[in-house]
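These notes are about the structure you will find just below.
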Amino acid sequence: MRSYGKEKKLVFPYVFIACCFFLAIFGFCFFNLFSQGISFSEIPTTRRSVNDETDSLDHGSSVSNIPFHGLSWNPRVFYLPNFATKQQCEAVIDMAKPKLKPSTLALRKGETAETTQNYRSLHQHTDEDESGVLAAIEEKIALATRFPKDYYESFNILRYQLGQKYDSHYDAFHSAEYGPLISQRVVTFLLFLSSVEEGGETMFPFENGRNMNGRYDYEKCVGLKVKPRQGDAIFFYNLFPNGTIDQTSLHGSCPVIKGEKWVATKWIRDQTYD
């Protein structure tokens with residue numbers, strides 16, 4: 001005859017040991033997050049928008065700790081609060097102001113330089129910045145994205161004044177529009193150099209497949225919106241891992257209603273870029 005009482009006595013210690021084991025694992029994970037300076041509010045989450053109410057974190061230029069939020073998986077967008085210091089942002093603006101020129105955008109078939117000169121921007125190589133600020137920012141971008149720096153284009157520093165916007169577009173190149181491609185833009189990294197009092201959001205109208213019914217007005221400011229806040233950054237993927245363009249990566253800049261918007265963009269290619 002089997003003794004069920006003895007089996008119950010034997011089962012209890014194993015259950016207790018298993019519980020202790022899982023509690024130990026949880027405790028280790030919690031301690032690991034805590035030791036890296038990551039709070040539960042900073043664990044990647046999906047958000048419909050980001051604005052001034054985002055929890056404020058201490059600014060810092062350290063590259064050892066880069067907190068982030070996952071804003072969306074379609075497209076893959078990540079938000080990095082306080083990525084650069086106020087001093088770094090203002091130094092980049094001061095450097096760029098006297099050098100701004102009409103933007104020279106990549107031209108599609110049928111476009112001319114005259115039709116795209118609505119913005120003023122500056123392409124700046126890190127080795128042309130004697131202060132070392134851009135080099136420090138680029139080093140942090142490399143740690144955040146895990147892409148080698150020889151895949152990077154030069155910084156594109158762009159200023160939006162009152163009423164200026166950037167209609168929805170792709171940073172990746174469609175070969176049908178631009179012709180044969182030598183390389184492709186995999187990632188766009190965008191650093192907000194200034195806060196904007198009203199308007200100026202970076203928006204993704206096709207987030208999670210919304211507005212993709214063929215009737216979307218490319219001048220409308222809809223979808224996932226990220227309000228510019230000085231020192232914060234976002235980066236997003238323009239391509240899927242198989243190299244095809246992510247159609248939901250369509251993005252633009254809403255009109256500036258009050259204030260001025262400064263951004264520094266770093267495009268990252270899929271191979272070494274000169």
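Residue numbering: from 1, along the chain as shown.
Using N, Cα and C of the backbone, Cβ positions are placed for all residues, glycine too.
Values in this document were obtained by computation on a predicted structure and should not be read as measured data.
Features of the protein shown, as given by Swiss-Prot:
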- 1-10: topological domain 'Cytoplasmic' (TOPO_DOM)
- 11-31: transmembrane segment (TRANSMEM)
- 32-274: topological domain 'Lumenal' (TOPO_DOM)
- 151-270: domain 'Fe2OG dioxygenase' (DOMAIN)
- His169, Asp171, His251: Fe cation binding site (BINDING)
- Asn242: N-linked glycosylation site (CARBOHYD)
- Lys261: 2-oxoglutarate binding site (BINDING)
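Mean pLDDT for the topological domain 'Cytoplasmic' (1-10) in this predicted model: 46. Each residue in Ser168, Tyr170, Thr188, Asn238, Ser249, Leu250, Gly252 lies on the same chain as His169, Asp171, His251 and has a C-beta within 8 Å of the C-beta centroid of that Fe cation site, without being one of the site residues. For the residue listed as 'N-linked glycosylation site', the spatially nearest entry among the binding-site residues His169, Asp171, His251 is Asp171, judged by CA separation.
Lys261 (2-oxoglutarate binding site) has a Cβ environment of 27 other Cβ atoms inside 10 Å. Distance noted between the C-alpha atoms of His169 (Fe cation binding site) and the residue listed as '2-oxoglutarate binding site' is 18 Å.
According to DSSP, the domain 'Fe2OG dioxygenase' (151-270) comprises 11 helix, 49 strand, 60 coil.
Taking a C-beta cut-off of under 8 angstroms and a sequence separation of 6 or more, His251 (Fe cation binding site) has the following same-chain neighbours: Ser168, His169, Tyr170, Asp171, Thr188, Thr202, Met203, Phe204, Pro205, Phe236.
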